[in-house]
Amino acid sequence: VLFFSQEADRSIFLGKLQGCLEGSSLELQLSEMKEQSLLRLAVTQQQRKQLLETFFRHLFAQVLEINRCDAGELDLESSQKAKESLACELSRAEFAEALGLKAHSMFVDSMFSLADKDGNGYISFREFLDILVVFMKGSPEEKSKVMFRMYDIDENGFLSKEEFLRMLRSFIEISNNCLSREQAEQVTESMFCASGFQDRDELTWEDFHYMLRDHDSDLRLTQLCGRLSFWLPKGVPEVFKQNLCNRVSFIGRKEPRRCGSASNRTISEEEETPSVVSMHSCVEQEGQELRRRPGRSPPVPTRLKQYQLQLYTEARRRRLERSRAQQKLQELKRFVENYRRHIACAGIFCALTAGLFAERAYYYAFASPRTGISQATLVGIIISRGSAACISFLYSYLLLTMCRNLLTALRETFLNRYVPFDAAVDFHRWVAMAALLFSVLHTAGHVVNVYIFSVTPLSVLSCLFPSTFTNDGSQLPQKYYWWFFQTIPGMSGVLLLAVLAVIYVFATHHFRRVSFQAFWLTHHLYLLLYGLILVHGSYALIQQPRFHLYFLVPALIYGADKLLSLSRKKVEISVVKAELLPSGVTHLRFQRPQGFDYKSGQWVRVACTALGTSEYHPFTLTSAPHEDTLSLHIRAVGPWTTRLRELCSPDSLALVGTLPKLYLDGPFGEGHQEWHKFEVSVLVGGGIGVTPFASILKDLAFKSSISCRLLCKKIYFIWVTRTQRQFEWLADIIREVEETDRQQLVSVHIYITQLPEKFDLRTTMLYICERHFQKVLNRSLFTGLRSITHFGRPPFVPFFSSLQEVHPEVQKIGVFSCGPPAMTKSVEKACRQLNRKDQTYFAHHYENF
């Protein structure tokens with residue numbers, strides 16, 4: 001429906017339209033009606049969407065032989081439109097939308113041309129049904145025949161090399177990978193040679209199907225799903241839904257599978273364990289095959305051969321021979337083993353806090369001098385005095401959790417065996433929440449006290465507080481607001497509550513994400529907070545001040561640690577190089593300060609002079625300790641990081657002329673730097689969370705190249721990325737590691753998640769091409785790396801289960817994950833599940849970015 005502002009505009013439009021149609025020998029039929037009638041007859045975009053949804057539901061209902069009532073009927077008023085929708089034809093754009101593709105992609109062109117049997121430029125219900133039946137119920141031969149017909153453009157019954165090349169490039173489109181024509185031709189020639197067709201320029205369908213002979217089971221479960229899985233009727237069996245919606249890294253098979261795949265099964269009460277049937281022999285055979293490929297390094301010595309085993313065994317379900325209670329007990333045992341330091345420290349801290357509360361409560365209930373205050377308000381005085389002691393302890397020792405330099409130094413001592421210094425930030429949050437709880441409890445106790453004192457006569461108050469009140473014969477008590485707003489303890493207490501509210505509100509995850517600067521500025525109100533606490537108790541209304549007894553030692557330690565940081569912050573550091581990388585990542589390479597020693601996996605705090613010298617942000621170093629310069633990869637996800645990227649842009653550099661200077665504070669330690677303490681370590685990085693592992697991988701490759709002796713014998717790096725182009729800079733680092741890793745200590749697995757479902761036709765064919773490319777050229781079709789590339793999300797339980805089989809002699813494996821919370825939770829869940837068994841223990845350390 002087109003709306004015109006004036007009648008004249010509509011007349012001009014109709015005149016031009018009629019002239020255009022007459023030039024094409026077409027007749028324009030006009031009919032006039034009211035606007036309401038016109039709108040009632042028109043089909044809106046939303047209505048069209050609903051009708052198409054019904055179209056696809058009925059389509060699946062016929063293919064899967066589901067009752068019509070389960071396919072979703074429209075009401076009586078819309079039944080006519082439903083019939084019209086089923087009789088209508090899909091345009092190329094609607095067909096592409098149904099498959100989740102772009103309308104101009106080569107795959108859509110080929111599939112649309114094949115389905116459009118009458119050649120009218122539209123696909124009818126019956127034409128779409130014929131294609132869908134093949135992919136839902138057809139045999140591998142029928143599916144490969146459809147593929148053959150799709151790309152047999154001249155319809156001569158043969159698939160030429162040029163047509164095969166077009167097919168391959170159409171598959172590559174879905175991964176956003178710009179494969180050059182030379183590379184595509186190389187893959188085509190290698191696939192022809194591998195099948196014995198090197199002397200042929202074209203293939204028959206029999207030849208084409210023979211080329212796919214090793215992937216018969218893959219084609220068997222291939223579907224034409226795209227976005228169609230969203231329109232499945234309620235009556236669709238679960239097996240079809242799983243096939244349509246599956247997004248795992250390996251194609252599932254109905255029959256027993258060869259080594260080299262993993263199934264996707266929902267984990268229930270039963271454990272998922274790897275198949276051990278001929279596992280070592282199968283894996284070893286695959287490893288020998290890999291070592292025979294062109295460009296592969298010579299076989300490594302026998303003593304290292306056990307670490308060359310290729311992972312992935314079939315994950316089979318085995319019911320544990322223990323009750324649910326025994327499983328829970330084993331899970332608790334493993335939890336305590338993993339967090340024993342945290343539990344011990346938290347237990348000691350809770351015991352000290354409870355002891356302080358109990359001591360003050362007992363004192364004012366039974367042992368305090370008889371001043372009459374306890375007799376007047378026993379409950380209020382016990383609550384307020386007990387919580388005051390806890391507050392003094394918690395707020396004082398809260399400072400120690402932020403002594404970053406001290407914590408980094410203590411991590412390298414024997415104390416790290418007993419105290420989890422890596423959990424300092426989490427402990428800081430936990431202590432802060434406990435302090436807030438006791439602050440509220442302290443306020444509640446004083447509310448009770450004030451209520452009692454506000455109804456107590458002045459003659460009694462003069463006895464309770466002789467230094468504050470004098471008995472002038474009046475029986476009128478002081479009003480409650482006098483206690484809150486006209487006394488030093490009351491007014492300072494109100495201000496303390498206001499300051500606490502501001503600090504805690506802006507410290508929440510939401511405000512930190514929205515405005516880190518607001519969090520940073522409001523957190524500096526801690527200076528005012530401690531000042532008010534000192535003033536609050538200085539009046540000695542009930543007891544002599546005691547806060548300074550708790551506060552003095554932590555304050556001195558914190559002050560010394562702060563001075564050490566300030567001594568570094570005042571040194572301006574020049575940025576040597578700045579690059580604007582894809583996915584909003586800014587790469588900064590800057591001078592390494594003299595005497596700056598750090599370990600791979602550590603992080604620093606950085607401030608930019610152009611954006612404010614007092615606003616520091618934490619980032620993980622991506623350079624290795626042996627490099628002469630320091631580097632950071634910073635993703636623009638907030639105001640500060642976005643402005644930093646703008647400062648490094650060519651336009652800004654052309655205007656300013658120089659790169660901004662930095663202030664540096666650090667380095668500081670975290671759990672990821674413990675990777676070298678395990679014989680086998682697993683690194684899992686997702687999103688910008690791969691930055692700690694960039695430094696670790698480069699450090700490991702360097703130590704391997706100089707034959708440095710390491711406790712760590714094998715590292716598995718799992719890189720989870722939406723596309724292979726999301727963080728191309730990491731691919732360059734992995735490529736460097738592959739070239740320098742002479743002992744083959746690093747095994748890299750890349751999981752590309754932003755691809756259509758695994759059972760999608762294009763993805764299946766792309767999977768086949770990827771595996772062939774990797775087999776022949778020993779490199780990934782996507783990344784150009786020797787690393788193994790998978791489609792979908794990593795199945796952590798089968799992966800870790802395979803590690804238990806590949807490294808049976810290793811009792812403890814370190815797992816280090818960094819990335820989105822959903823990913824780290826999946827890793828934690830997998831570790832906990834496998835730790836229920838009395839086998840290899842998985843120690844998990846994670847950071848959420």
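The backbone N, Cα and C atoms fix where each Cβ goes, glycine too.
TrEMBL entries are annotated by machine, without manual review.
Taken from TrEMBL as is:
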| type | residues | note |
| --- | --- | --- |
| DOMAIN | 103-138 | domain 'EF-hand' |
| DOMAIN | 139-174 | domain 'EF-hand' |
| TRANSMEM | 339-358 | transmembrane segment |
| TRANSMEM | 378-398 | transmembrane segment |
| TRANSMEM | 418-441 | transmembrane segment |
| TRANSMEM | 448-469 | transmembrane segment |
| TRANSMEM | 481-506 | transmembrane segment |
| TRANSMEM | 518-541 | transmembrane segment |
| DOMAIN | 568-674 | domain 'FAD-binding FR-type' |
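Listed by sequence, the residues of this chain that lie at least six past the ends of the transmembrane segment (339-358) yet keep a Cβ under 8 A from its Cβ atoms are 386-387, 389-390, 393-394, 417-420, 423, 427, 430-431, 434.
Over the domain 'EF-hand' (139-174) the predicted model carries a mean pLDDT of 72. Sequence-distant neighbours of the transmembrane segment (518-541) (same chain, 6+ residues past either end, Cβ-Cβ under 8 Å): 388, 391-392, 395, 465, 468, 487-489, 492-493, 495-496, 499-500, 502-503, 506-507, 511-512, 547-548, 551, 555, 615-616. Residues in the domain 'FAD-binding FR-type' (568-674) partition by DSSP class (helix H, G, I; strand E, B; coil) as 25 helix, 42 strand, 40 coil.
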